[in-house]
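Q: Pasting the relevant annotations from TrEMBL:
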- 124-167: domain 'RING-type' (DOMAIN)
- 55-77: region 'Disordered' (REGION)
- 1-18: signal peptide (SIGNAL)
């Protein structure tokens, strides 16, 4: 019985030792020095593996950090581009009244020209002359319906597309319909 127990203990010890230290047992029992040497080799392997894993982790963190910095740089650059584009469109919007009116808008205004039947107390703000009976006048299609001499307004529209008084942009009926269509259906 003692022999059986000692064999069981030996087998258990060798299994545990083999598991812990990766020691191979042959038909003979390893000496204490061989076990120590094997343990040292295993510890060294574990140390080297831990160092390699730490190096891989540091390299991965470095790559991740570089990617994050590049993403931030791209976002910042896109933001700068967006700001530049918005500034460009704002400058175009500010200069919209500097562009001449479209042919369609000018043609519609020519058709809306009428002759004054009575003297008006208003002055044409373009030429600063009074509006007298018999002169041809055009009402600008702005909410206030400002009136101007026909020739004065047509010359004005060659340089700009806004009302000289209230800066309301002139649009042809086609442009107004397209704008309303965009508002309603988009």
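Just so it is clear, glycine is given a Cβ too, placed from its N, Cα and C backbone atoms.
Predicted automatically and left uncurated, TrEMBL annotations should be read as such.
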Q: What mean pLDDT score does the domain 'RING-type' (124-167) have in the model?
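A: The average pLDDT of the model in the domain 'RING-type' (124-167) works out to 85.
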Q: What is the three-state DSSP composition of the domain 'RING-type' (124-167), stated as helix, strand and coil residue counts?
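A: Counts, helix then strand then coil: 10 helix, 9 strand, 25 coil.
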